[in-house]
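To start, the structure under review is shown below, and the notes come after it.
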Amino acid sequence: MDNADRSRSLKFIPLFVGVGIFLASVVIARYYFIKKRSKKTTLLDPNVKYPLQLVEKVNISHDTRLFRFALPSEHHILGLPNGQHVYLSAKVDGKLVVRPYTPTSNDDEHMGHMDLVVKVYFKNQHPKFPEGGKMSQYLNDMGIGETIDVRGPMAY
């Protein structure tokens, strides 16, 4: 191969590099948008209550629990922006109890479930609050498979 042939073939190197970069960009962009599109948001309307099923309960300490609630599918995210919370609603002793909680799971890393870490305030533990925490005790008494109504996102 003489210098003329070599210089002609070198002219195509920038073209091949450019085409390679373009194709890699297309593949990365396609992957990103497909992944982004595959996430479905659970909390679409802050005025609607969405029933979520308790799928796991972990004792962290004598009075602290992790509660894991399943979202509608493994492809769902909660859809809660940073700095916002959800409201949990339940009938406790025949009365509607509504309390705000901030999930510890985030949409970037946790698809398919919402985690709450909650301190349970038991009855007769504090003289100022003989009834304890109504919602925290309700959550503590929930069985796996039971549901609770969740709505949000809400900001303080």
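Glycine is no exception: its Cβ is also placed from the backbone N, Cα and C atoms.
What TrEMBL records for Arg99, Pro100, Tyr101, Val117, Lys119, Phe122, Lys134, Met135, Ser136 is FAD binding site. Within 10 Å of the C-beta of Tyr101 (FAD binding site) there are 19 other C-beta atoms, taking all protein chains into account.
Residues or ranges marked as domain 'FAD-binding FR-type' by TrEMBL: 47-156.
Among the features that TrEMBL reports, transmembrane segment is placed at 12-33.
Tertiary neighbourhood of the transmembrane segment (12-33): none, as no same-chain residue meets a CB-CB distance under 8 Å with a gap of 6+ residues from either end. Least packed by the Cβ count within 10 Å, out of the binding-site residues Arg99, Lys119, Lys134, is Lys119.
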